[in-house]
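What TrEMBL lists as domain 'Orotidine 5'-phosphate decarboxylase' is 5-221. Per TrEMBL, substrate binding site is recorded for Asp11, Lys33, 60-69, Thr116, Arg176, Gln185, 205-206. The active site, proton donor annotation in TrEMBL covers Lys62.
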Amino acid sequence: MNHNPVFLALDMPRLDAAEALARKVAGHIGGIKLGLEFFCAHGHHGVHELHKLGLPVFLDLKLHDIPNTVAAAMQAIHVLEPAIVTVHAAGGRAMMEDAKAAAGENTKVVGVTVLTSLDDDDLTAIGVKADPNEQALRLAELAHSAGLDGIVCSGHEVGAVHKQWKDGFFVVPGLRPAESGNGDQKRIVTPRQARDAGAGVLVIGRPISRAEDPLAAAKAIEATL
Ligand SMILES: O=c1ccn([C@@H]2O[C@H](COP(=O)(O)O)[C@@H](O)[C@H]2O)c(=O)[nH]1
């Protein structure tokens with residue numbers, strides 16, 4: 001994998017716009033992240049097109065279903081040769097074990113713990129008694145014991161998770177350079193703080209994609225790392 005830890009989230013409806021943006025900043029990112037918005041609109045064809053840029057592709061599909069269904073979905077995306085794929089750790093141990101077993105050898109499977117758009121109140125509202133930190137640690141332990149390569153968590157938890165899972169692969173979204181708006185993210189840190197705490201991949205979308213000058217924004221973030 002490239003040394004630059006930044007994966008650009010291409011959350012936009014148009015394939016040509018996603019491709020143009022990725023091309024523009026390609027020298028200042030380490031990979032691209034294609035999520036639900038992109039995959040639902042453009043599917044396998046879209047992923048094949050963006051593969052042509054030669055950057056590692058992170059498929060952030062956040063699979064969450066019964067083990068048989070998730071394993072079948074993993075097999076169906078095998079042909080896309082993703083570097084990283086996400087499943088929801090809350091799907092449970094058997095689901096994660098089957099997801100990992102169905103993934104390609106060169107694909108890292110990571111478990112989403114607590115979405116960075118959620119805070120304490122949101123967890124309480126869905127019946128989770130733990131705070132985001134406790135819940136992320138619990139789900140990280142489960143993901144580890146199920147054989148996943150790592151997890152997704154916010155920059156607030158990654159340091160603690162790193163201590164309990166030394167060789168884990170940690171993906172951190174919810175990143176905001178100083179003076180960026182939060183948008184819908186509630187547990188944010190700067191890219192540098194996340195990297196210093198042990199993140200292996202920094203997922204960054206709007207601070208680059210919605211910047212007036214995306215290339216300048218990508219370069220500015222790179223300079224902080
Ligand atoms: O907990 C999570 C898991 C995934 N994401 C994804 O990361 C990007 C963040 O985009 P920004 O524009 O930088 O906020 C987005 O694609 C999410 O689906 C996350 O934010 N939090």
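Even glycines carry a Cβ here, placed using N, Cα and C.
Projection of TrEMBL feature records onto the structure.
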residue	record	DSSP class
Asp11	substrate binding site	coil
Leu61	substrate binding site	strand
Pro67	substrate binding site	helix
Thr116	substrate binding site	coil
Gly205	substrate binding site	coil
So which of Asp11, His64, Pro67, Gly205, listed as binding-site residues, have a Cβ under 6 Å from an atom of ligand 1?
-> Asp11, Gly205
For the residue listed as 'active site, proton donor', list the number of other Cβ atoms lying within 10 Å of its Cβ atom.
-> 16
Just counting, how many other CB atoms are there within 10 A of the CB of Gly205 (substrate binding site)?
-> 19
Given the binding-site residues Pro67, Thr116, and counting only Cβ atoms in the protein chains shown, which has the most within 10 Å of its Cβ?
-> Thr116
Let me know how many other Cβ atoms fall within 10 Å of the Cβ of Leu61 (substrate binding site).
-> 20
Sort out the sequence-distant neighbours of Asp11 (substrate binding site) for me: same chain, 6+ apart, CB within less than 8 Å of its CB, listed by position.
-> Gly35, Glu37, Phe38, Gly205, Arg206, Ser209
What is the separation, in Å, between the Cα atoms of Thr116 (substrate binding site) and Lys62 (active site, proton donor)?
-> 13
For the domain 'Orotidine 5'-phosphate decarboxylase' (5-221), the mean pLDDT of the predicted model = 97
Tell me which residues of the chain lie with their Cβ under 8 angstroms from that of His64 (substrate binding site), as long as they are six or more apart in sequence?
-> Val70, Val87, His88, Ala90, Gly91, Met95
